[in-house]
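Structure, as structure tokens:
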Amino acid sequence: ECVENISSQYGDTISVPCSPGDTPSQDIFMIKWKYDKEDGTSGDLLVKRQGHNATITAPEEFTGRLSIGEDNSLLIANGVLSDQRTFTCMIVMASDITELAVEVFIHKSPEAVELTNNPAAVEMNKLTTIGECSAEDANPAAKITWFRNDAPLKDDGKGVVITASETVDPDTGLSSTLSRLQYIAGKEDAAARFSCAVTDTPLRSTPVQFTINYPTEKVSLEVTTPGPFLEGADITLRCHADGNPPPSSYVFHLQGEEVTVEDEDVYTLSNVTREKTGEYKCSPLDNASLLASHNITIHYLDVSLSPSGRVVKSAGETLPVTLQKDASSKVTVSWTKNQASLSEEPQFERLKYSDSGLYECQVSLGELTSTHSFELLVKGSPVITSLREQMSADGKHKVLSCEAEGYPKPSVEWSGINGTSEEESDYVDGKVTHRLTVMPKANLTVTCLVMNDLGSDSKNTKVSSLLVHIDDREVTMDKQDQSEESGDQTKLAVGIVIALLLATVAVALGYWVYIKKSKQGSWKTGEEDGNTEESKKLEAPQKAEV
Ligand SMILES: *[C@@H]1O[C@H](CO)[C@@H](O)[C@H](O)[C@H]1NC(C)=O
Ligand SMILES: *[C@@H]1O[C@H](CO)[C@@H](O)[C@H](O)[C@H]1NC(C)=O
Ligand SMILES: *[C@@H]1O[C@H](CO)[C@@H](O)[C@H](O)[C@H]1NC(C)=O
Ligand SMILES: *[C@@H]1O[C@H](CO)[C@@H](O)[C@H](O)[C@H]1NC(C)=O
């Protein structure tokens, strides 16, 4: 006897077929459905005779649920688990009685799968329950699979331990499955998503994540304020620990002093001084053996310049210049005199008037800059450095120039002559030049007198008369500077004039002889030409003598 198997969904109408092969329905006298009881005996459910309505003889558990289909199949409404049995249809024909047995299975998937008891944080490297998954009221009992991201997890008895248990509802006979995942998490699991699913169904729990807690192994001390640091700066230190969660409080070791910060990881050093240069440390409050350190350098720049302010010195004296620098590292120094840069530090072995000026030095260390200055005045009684006489550009005057050095600025006076105009140069580097334009009418001795608070100096010079006039052409002789020389020139000029006169007389004499010879006969042709040319040649020197 072969037994057919059918399965039906829980709650659906179970359709148990009665398939007597190709027997024509008019040959069937009666159909009788029976079922197998728990005790092994069989009980009647329903009888249907040809031409009659079915008669139900089923016990209470089937009340209101049974009917028979057109094809004689047994229809059991609201299938429940107790309907999982063997049903038999007995077919009574004219000549034969056949029985067909059908075994019924009732399937029920769980309504949902739910992941619970999942912790928010998990300690690293320790077998921990990640969660519990339940799938209720199923038949057969649900099988639960755990996933890490999309990969199924298999119980390996060490890092992955999956424990499942099933319970059966005594009323419905449906099973509930509870599966617990225990897992050893590592840092790499911090972003992993864990979920569970019911095998062979689309049911899947919402995924869960957890943070991984692990102890601090490394501590670092970070200086969050960007350096370099100058005196007066505020510097913020941050202590960082790699544990999760990080320690809540830290201890900062500040050059022998210990400061605990609660629920914070920063400490700010305010208004630092050079003494704060050194090593700084920090550690978590709960583990002093984890220490991080950082060296901090506070830059400083102390400069003193000697001399300073206004310095008045005498010409010829020595002035030592001392620039003292005390700095945290190498500095750059630049010097200027009256805003123009100097290539090196000024040195004054013998002070000159030209050394006077505003000296500034700038000492730099990164952004730190210190500027110092002194103003030097070289004083001295005036000295005449030059007294000269020149012709003016138009040749009609003489210009006397008296050049003097001294500080304070010397006054210049002339005596022995009255000038037509005078001018004075700018007073630069202790030097002044005074020019006097004169027209001396006699040979004179002129004195230049220079004076300041500290003393005076004077010099004489001889100025020759300008009243030597030969014709209008004074330029030739007056280009000479010295009066003695001018006298010699005059003599020379007179000599030239006499020589020219003599030459004219000689030419005139020659001409006269020539005329005489022409009148005697021979060279008459060239007479007029020669006459004109010679006359012209003679005109220039003759005019010069007048
Ligand atoms: C069979 O049942 C139907 C309704 O269920 C009824 O109308 C009919 O009269 C019944 N037939 C007989 C022969 O009793
Ligand atoms: C401090 O940290 C060290 C190194 O990570 C560890 O070995 C030690 O157990 C920790 N001590 C405490 C008190 O947590
Ligand atoms: C300069 O002029 C003054 C009058 O203005 C006169 O007394 C003096 O003699 C003159 N000196 C010379 C050197 O000509
Ligand atoms: C000026 O001096 C020169 C010589 O130095 C002399 O020849 C000349 O005659 C003098 N002139 C007057 C006007 O005294």
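Each residue's number is its place along the chain shown, starting with 1.
Each Cβ is built from the backbone N, Cα and C atoms, and glycine gets one as well.
As recorded in TrEMBL, the features of this protein are as follows:
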COMPBIAS  533-546  compositional bias 'Basic and acidic residues'
DOMAIN    1-105  domain 'Ig-like'
DOMAIN    110-213  domain 'Ig-like'
DOMAIN    215-297  domain 'Ig-like'
DOMAIN    309-377  domain 'Ig-like'
DOMAIN    382-464  domain 'Ig-like'
REGION    519-546  region 'Disordered'
TRANSMEM  492-514  transmembrane segment
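When the domain 'Ig-like' (382-464) is classified with DSSP, helix, strand and coil residues number 0 helix, 56 strand, 27 coil.
Under DSSP, the residues of the domain 'Ig-like' (110-213) split into helix, strand and coil as follows: 3 helix, 56 strand, 45 coil.
The average per-residue pLDDT of the prediction over the domain 'Ig-like' (215-297) is 93, rounded to a whole number.
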